[in-house]
Structures are given as C-alpha cells and as structure tokens.
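In Swiss-Prot this protein carries:
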- 110, 129, 130, 131, 132, 133, 134: S-adenosyl-L-methionine binding site (BINDING)
C-alpha cells in the first residue's frame, strides 16, 4: 500500500515513519509512505496557501489550488483521498478494515480555520477521529494511518489483532493480567489461574461485556439495535 500525506508540516511525520512497526513495514516494503508539502505547489511568490474568507469570518482558509496541484503530482491523483476534518465522519475499526484494502490512500491535513469548501469536492470522504478540535490534521492522519497499516498482511501477526477490541463481536477486549499475581492488594482473578480453559473463556466473555457496558454503553446499545 502507498500512503500519501499532504501537509504544511512534513517534519511532523518523521517519528511516525522512523520508529517501531511502521518503520519495519516500510523497510520490508509492505507500505510506501510519501510526505508531500503542498505549500510547494502554491503559485504565489511567497508560497502563500491561505486567504481571507468570503463573507467575513475568523481566521484564514486554505486555498483549493495548491491542494489540487499537489494531487495532480501524485500517481492516480493519490488514489482514495481523505480530507481530515473535525466535520467528517468519525473513524472507527470498521473503516480501518475497509481502507486497508486500498492500494493507495491520501490524507489531506489542514491548518488554520480550515479548507475552502470546494476542497471537499476533490476527495472521496471526510474523516474525523472524534468530536474535538486539534491544531491541525497531522496527528489524526497518523492515528488513522497507524490503525490501517497494522491490518495490512504481514505487518503484524494476524493473531495479534484477531481478538482485539472492536474485532469479532465488536466489544472491547477482556481484561488481561501478568506477573506479579498480587500487587498492593490487587490480585489476578482466580479463574485465570486454575487452568480450566472453558471457565477462563466464559469469564472473558462476561468480562468483555461488563467492560464495554461500563466504558462504552453506546456500543452495547448499537449491537442490541442491530439484532
């Protein structure tokens, strides 16, 4: 898979591409990361990429032309194009699975007050990582890309994400423990130590449901609604 990041701050992506699993995936040629500074595609002599809002308003808007020209520089205009925006649909695990099937994805990260609305006509969809506002779209782009990349074959072992939160039944993951068995009065549940796999599996299923009900009751409500 090829992933393009259109941004005004290309250095933001250095730690993301140079460390851990993402770096290994790049090294093993499982993914190709391309960072594009769309400021370089401005026709303004000062490389200006923003301007005042028609009709008045706070802040400056990113112009459509530099972004459109940057997309023109990419193979197939960047494949499946995503505008990172707090106004977009909220990204989730199901969307990550869908996007992991594409050969090429492009994330467009904004700054300032946002984009000229016509930029939305250049992309396939707008995505958000939640109902809050950040200083720019770079962090959400990396969050979504990380979630997508780990689902690509051979990036991590299939077993590592097969039973994670939001997979399978859609519930959160069950609680897990390691040594020591007891710490400051906090003990590992006895059922996990008795070696009875049927009882352990039963406990895990019940614990998943309880944890999801406590932390994400909206998931339980959605599952019940879909039945």
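Note: Cβ is positioned from N, Cα and C throughout, glycine not excepted.
Swiss-Prot feature annotations superimposed on the structure.
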{"residue": "110", "record": "S-adenosyl-L-methionine binding site", "contacts (Cβ under 8 Å, 6+ apart)": "62, 83, 84, 85, 136, 137"}
{"residue": "129", "record": "S-adenosyl-L-methionine binding site", "contacts (Cβ under 8 Å, 6+ apart)": "90, 91, 140, 143, 144"}
{"residue": "130", "record": "S-adenosyl-L-methionine binding site", "contacts (Cβ under 8 Å, 6+ apart)": "90"}
{"residue": "131", "record": "S-adenosyl-L-methionine binding site", "contacts (Cβ under 8 Å, 6+ apart)": "86, 90"}
{"residue": "132", "record": "S-adenosyl-L-methionine binding site", "contacts (Cβ under 8 Å, 6+ apart)": "86"}
{"residue": "133", "record": "S-adenosyl-L-methionine binding site", "contacts (Cβ under 8 Å, 6+ apart)": "86"}
{"residue": "134", "record": "S-adenosyl-L-methionine binding site", "contacts (Cβ under 8 Å, 6+ apart)": "86, 140"}
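Reduced to three states, the DSSP call for residue 133 (S-adenosyl-L-methionine binding site) is coil. Largest CA to CA distance in the S-adenosyl-L-methionine binding set (110, 129, 130, 131, 132, 133, 134): 16 Å, whole number.
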